[in-house]
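Notes to accompany the following structure.
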Amino acid sequence: MIFMKGYIPQEIIDEITARADIVEVIKEFIPLKKEGRNFKGLCPFHHEKTPSFTVSAEKQIFHCFGCGVGGNVYSFLMKMDNISFPESIKRLGEKTGVAIPETEISASEKNKITKRERLFKINDLTSRFYHKILVDSKQGKLAREYLQKRGINLETINKFKIGYAIDSWDSLLKFMMKKDIKPQELLDLGLISPRKSGNGYYDRFRGRLIFPIWDSRGGVVAFGARILGQGEPKYLNSPDTPLFNKSYHLYGINLAKNNIRDKDMALIVEGYMDVIACYQHGVKNAVASLGTAFTKYQANLLMRYSYNLGICYDADAAGSKASLRGLDVLSDLGCNVSVINLPKGLDPDEYLQKEGKDGLELLIKDGQSLIEYKLTHSMENNEIIAIQGKLKVIEDLAEDLLKMKSFVLRQGAIDLISKKLGLPSETIISELKKINQEVKKAYNFRDTKDNQRDNKTINYDHFNKVEILTLKLIIENNKLFTEIENVGGAKLFTSTLQEFYQEIYKLYLETGEVSSSNFSENKYSNLFAYIMMQENKASNIKKAFFDYLKNLRLLFLETEYNAKKTKLQEAEKNGNVDELNKLLFDIDTILQEKKVIDTLGG
């Protein structure tokens, strides 16, 4: 079905809007907590540790007071999942049970809209092609035997749609050509590569197990592949494509998300086989980070479902380094992080084969906190018999200790370090004080850089509060446009707010109303949400409006008065008598109005 703004009847959009609850929609992405009349949570669009992301069930809008982003339920989905307005309508239509009629559109528009959907369909077809080879062909026998040796049963193979790419240069290419799929589309998805010499293409994946990678909604976005025999690379992923960037996705998230929410905990492992083994043994809240260092984007994806995250990487040096990197990313985003320590030489898959679900869940229960894990790691890498080794451990942990906002948690961590190192707590505190300034400078510098990079904030606090509250009242009661127009209209407002007023007045003239549905993909959606989130504590709304109006008119007259005075000085200097008389008349008119303005709105 093809959808296009301008082709979806407004009454359909209105019905979806009436049925969709923005709070419930956003709760599918991030935890929200009721605070007064609104709901609050950590903003999914920028790095923050104190919740400033606010959702109004009453107004059906959201606004982040940290970064300034805001809008309605459609604009939230558009920003969150990088989809178009029509796609957001389609998704909410399916969720609310509102049928959206198919409408004929131009060939060029149809091509633009359907390209992404077509790429998803090609990936799905590819997944089914490789899966069928694995489970239904003689060519897949070797791969089936490999999986059997790894303890993976047929039910799990089918659940994860594991496949096999035969050791052929063009088996997938030939199959797709028969389905009228162009080589360029396969190139766009990283499924084939151009030959280095001569014309033509060859399959990217050959002689490998195939692991489809899904997004959180269950669409196949990419593939991972593992070689069965000897050779390099052992693992090969899809490259970045219009559907896939490895920094933003997690293997297994489509199957794990509901289990993560139910358990209120996500288990982060290293590889495809770890996720698959966990699932088969009943640990269904595991995901893997696709062979890349764990990123803040992956953390934000997990934080839609839980803030409690456990890292369970291989018990080797590489796994320890990866755990440390992941810990810092997750901790900086405000997650409750733990490290699950596997016996040396084992990965999660191997441990499950030996100890099963109960064994792994015991390890999860006994997981170490960030400080505990870093302390253990630092003690293993320093000679703590000598005092210099002990001081190095304190230095390694200083930044984490100084970042702790809770005095109780910090003191608990210091007591733990004291016990492990055999040093008095006072000695550790003294050492921390010595290095505090340098660590603090480094942290503040990094934090500032992070904020500049991550928090591309939209700050509306510089706007005149009276202008903001006036606009809020106009939006809530469109009849007040008449009063505004009678005393200056858009001229009463400054800069961006003047443009915003012109936008909403135009909407009012064209449609007879101004509502949040007008701001789904409008450039003023953030500002609209900010305005509507402001509280007006006045008990008499009508009186408050006319008080605001008088203040705005006075501000406008003051601006006009100053401008006329400047021009008057120029006219005097130039000896322009006609201009001088006109300006004197204008100034007198302004002063007279300022005298009587207290009667405005009587």
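Every residue gets a Cβ built from N, Cα and C, even glycine.
No curator has checked TrEMBL annotations; they are predicted automatically.
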Zinc finger according to TrEMBL, located in which of 43-67, 118-142, 368-392, 568-592: 43-67
Contacting positions for the zinc finger (43-67) when only residues 6+ beyond its ends and CB under 8 Å are counted: 17, 20-23, 26, 29-30, 32-33, 37, 73, 76, 79-80, 296, 300, 303-304, 332-334, 450-451, 454-458, 516, 526, 528-530, 532-533
Mean per-residue pLDDT computed across the zinc finger (43-67): 86
Secondary structure content of the zinc finger (43-67), with strand meaning DSSP E or B: 0 helix, 8 strand, 17 coil
Secondary structure composition of the domain 'Toprim' (264-345) [DSSP: H/G/I, E/B, coil]: 32 helix, 15 strand, 35 coil
